[in-house]
Amino acid sequence: NDNSSWGSSSTSGFILLGLSSNPQLQKPLFITFLSMYIVILLGNMLIILVIRSDSRLHSPMYFFLSILSFIDICFTSVIVPKMLVNFLSETKAISYIGCLVQMYFFMAFGNTDSYLLASMAIDRLVAICNPLQYAMVMSDGRCIILAVVSCVISHLHALLRVLLMSRLSFCASHVIKHFFCDTQPVLKLSCSDTSSSQVVVMTETLAVIVTPFLCIIFSYLRIIVAILKIPSASGKWKTFSTCGSHLTIVVLFYGSIIYVYFRPLSSYSVVKDRVATVMYTVVTPMLNPFIYSLRNKDMKQGLGKLRDRIKF
């Protein structure tokens, strides 16, 4: 029975319900998300181009930011193009393998984002609390190791999750009440006993997502202690302002992730979770370039230099 149900899901695939089943909303949603996707691509490509073209931005913080921008492009490209096709499609279908592949890359790139944000927090911690040792501690070699480890751990986590999902059976409804193949709505459809999968998923997710989050919390607690020791108010503000952009992204990214994933499957709410998921899959990657360029003097100067080069 398990084999036949697995076979049916692997041949017929799934139906992605999308953000709304209202036919009149499909074209407005298509235009909205296409516009947002173009902004994500152009904004993040511009960040990468500015960092690569300005030698003053060849520092650990901007090295991680350029990788974060690249990962954000990949992260949204796993979800948004399929989402756009489904807005204009009658069937809104995704194959069983296509669903697992989308789930794999979504988790791999999403977790890499998480680890890169932790690496950037470590960079700010060293820059503020140990400035004399900064060049030695945040050497090029160590930055590359941090980036590679971020990718490897994230891809291994995604592989384990997808292997667990591939063992489940789907015998009744194949309609995923979401706009992409996320783990919670797919688990909801399974007719297998998902309790052991849920335990493994929650435990392993806690280990993978909470580790970088705790690293960020620890880094900022140390930074706050160091800032409080600065005698002048202007000195305090100047030091803290170097963390402002990073902290904004952390709050947006982790706020929505904690809301979606750190609750039992029984309390899963389709509409609320779709909105929260749009926040970290589309809105945060779209805002990243604006937050880092508008609130950052070095990035503004880099953008000015690039604009002048293009003019000539």
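Note: Cβ is positioned from N, Cα and C throughout, glycine not excepted.
TrEMBL: automatically predicted annotations, no manual curation.
The transmembrane segment annotation in TrEMBL covers 29-50 (among others). Here the transmembrane segment (29-50) has Cβ contacts under 8 Å with residues 18-20, 57, 65-66, 69-70, 72-73, 76, 80-81, 83-84, 87-88, 282-283, 285-286, 288-290, 292-293, 299, 302-303, 305-306 of the same chain, all six or more residues outside its ends.
Residues or ranges marked as domain 'G-protein coupled receptors family 1 profile' in TrEMBL: 43-292.
TrEMBL lists 62-81 (among others) with the feature transmembrane segment.
Packing against the transmembrane segment (143-164) from elsewhere in the chain are residues 60, 63-64, 67, 100, 103-112, 114-116, 118-119, 122, 183, 197, 200-201, 204, 208: each is 6 or more residues past its ends and has a CB under 8 Å from a CB in it. The transmembrane segment annotation in TrEMBL covers 143-164 (among others).
What TrEMBL records for 206-228 (among others) is transmembrane segment. Here the transmembrane segment (206-228) has Cβ contacts under 8 Å with residues 111, 114-115, 117-118, 121-122, 124-125, 128-129, 153-154, 157, 236, 239-240, 243, 247, 250, 254, 257, 261 of the same chain, all six or more residues outside its ends.
TrEMBL lists 240-262 (among others) with the feature transmembrane segment.
Sequence-distant neighbours of the transmembrane segment (274-294) (same chain, 6+ residues past either end, Cβ-Cβ under 8 Å): 19, 33, 36-37, 39-40, 43-44, 46-47, 50, 65, 68-69, 72-73, 75-76, 79-80, 106, 110, 178-180, 182, 245, 248-249, 252-253, 255-257, 259-260, 300, 303. Taken from TrEMBL, the feature transmembrane segment covers 274-294 (among others).
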